[in-house]
Amino acid sequence: MADQLVLGYWGIRGLAQPLRYLLEYLGLPYEDKRYLKPEEWFGGLCQAPFNAHVLVNLPYIKDGEKYVYESAALYVYLAHKANRADLLGSTPDEQVAVAQVRGVIQDALKGFFHLITLPEDQYAAKKEEVFTNEVAWLIDRLDKFIGGKTWAAGANLTYIDFALFELEETLKAFHAESWAKFANLQKHHQEFSNIPQIKEYLASGRFLAGPFYPPGRFRWGF
């Protein structure tokens, strides 16, 4: 389709998974272009059109001849593309809440990345310590912050709910025992997964169940 968007990313969930949820929710036709080998991506960087772009990176959105890079910018671009600027926050307070939640999610994901890249001879001994010190306390803050709210930033759905849902999915997959303790996040997860467009996507062949991280390179590549 000539008017079809392209979402380019590795063949993993990673940073692109919340964007896949958003594209499905918005009903924007798109190709989920997955680079399965490093050479598929890096081999093309010295060629057009990527060699002309200073900010070239994964993930990206291609819209006709236009390319947009950096995951934070992609949420903004897609919201405006679909005439859904409300997903960026309908009020100043919501916009501030979105920024706050996004910052905590990013910090928690950094903790997860540290966890999966621990040296093999240290993993068994340090995994719970790293999880507790770099992930769990941030998840606890998010759970408390969204308590009593309809969605992560308040009464209205925003793009940060898509990112939060993927963090919840990550926590469920890695540490089910810890996940069971966060009632507010569990409620959010259930509500989000029951959005009709999301529910349909999760049950479809388009849904990428895994891996979360590159298999063979990092631990937990399922």
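Using the three backbone atoms N, Cα and C, a Cβ is placed for every residue, glycine included.
Lifted from TrEMBL, the feature list:
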- 3-86: domain 'GST N-terminal' (DOMAIN)
- 91-212: domain 'GST C-terminal' (DOMAIN)
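Across the domain 'GST C-terminal' (91-212), DSSP classifies residues as 89 helix, 2 strand, 31 coil.
Along the domain 'GST C-terminal' (91-212), the predicted structure has mean pLDDT 94. Counting residues of the domain 'GST N-terminal' (3-86) by DSSP class, helix then strand then coil, yields 34 helix, 20 strand, 30 coil.
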